[in-house]
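Everything below concerns the one structure shown next.
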Amino acid sequence: MVKGTNAEQALAREEASSSRPKRQRVPSIVEEEGENGGGDVVVRSGTLFELDLLDCPICCNALTIPIFQCDKGHIACSSCCTNVSNKCPYCSLAIGNYRSRIMERVVEAFIVRCPIVAGEASSSRQKRLRVPSIDEENGENGGRDVVVPSGTLSQLDLLDCPVCSKALKISIFQQSLFLAKRQNGCTETFSYGNELVHEKKCSFALCYCPAPNCNYAGVYKDLYSHYAANHKKLWTRFSCGYSMHVCMDFESKSLVLQQYSDGPLVVLQCFKEPPQGLFWTVNCIAPSAPGVGKFSYELSYSTAGNTLTFRSSEMNRIQKVSFQTPEKDFMFIPEYILCPMGLYKGTYICIRSLEEEEEEEEDNED
């Protein structure tokens, strides 16, 4: 049987060692039932007596992942980011784009007990603790029972500086770091926690091959070369500014167009959803980096005297093809006007380069 309470054992260990890591007795299931068991492991933990610090400062509910922060460090839960229209109520900066990774790790590492104390219900996440007085610490009976919201941080090293490994003290600053370099890769720096935001706009972000059963992924230029070299039978060439007939039936579901050898890849997809009709999407496989894969397009479908036209001033850029029915940026063809023979007739697309159009406008202004 374990002698003394856990608190008494912890106090004895603290007196025996001045180093920050504490060696605690971790009981096994057998030991808790009365038999000797368990082993000695080094566990660093601490108690937080203000557990409401882990509540969302806007809605006051317990923080859950994902947790977001603005550029000034104010945090909010995902629901509140939506409710405040992604505008921080404290500083009016944008919030909802950048994850607060350290807060997410801290919240995950906290352990709280059931709020039921001695058979009586207490308020949420509150428990009764013995707070010793000075006399009690000197050996005399004292102290008092108070109800405080508290929890145990099971990974105390989360509160250490990741550089020097010493305990963090105010002021604490965000760390700037390099994106993991690939060969001849990106050297841009950004705040810690903003990796995903940067990667979407980074020209070195990975793009995935649209060919069926192909697992290739690489930077967009390498992907274009890979597709031209390995999947020639699967693509059709397009030229900017020229309307072309789209030869694809309902069962194909996707068609890949390539501007020229090693050129940009454009994916046309159709999603048939009976009895509604057909959803058409057009996307360029490219990162959202400036000057990469910027196109506009016009898609049209004609049958039995009916013509539908969809124009987009800027084609969506994606890194990986999705096979989910789109919720926006699509052309919808009702079931009743679909050609029973499929889409071999009457479907045309015209793709234009936005960069070329911008250059022409500049030349005309000159």
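Here the Cβ of each residue, glycine as well, is placed from N, Cα and C on the backbone.
Within the listed segments 56-92, 241-277, Swiss-Prot records zinc finger for the stretch 56-92. Within the set of binding-site residues (H198, H226, H231), the lowest number of other Cβ atoms found within 10 Å of a Cβ is recorded at H198. Around C186 (Zn(2+) 1 binding site), taking its Cβ as the centre, 19 other Cβ atoms fall within 10 Å, counting all chains. The Cβ of C209 (Zn(2+) 2 binding site) has 21 neighbouring Cβ atoms from other residues within 10 Å, across all protein chains displayed. In this structure, the CA atom of C209 (Zn(2+) 2 binding site) is 18 Å away from the CA atom of C202 (Zn(2+) 1 binding site).
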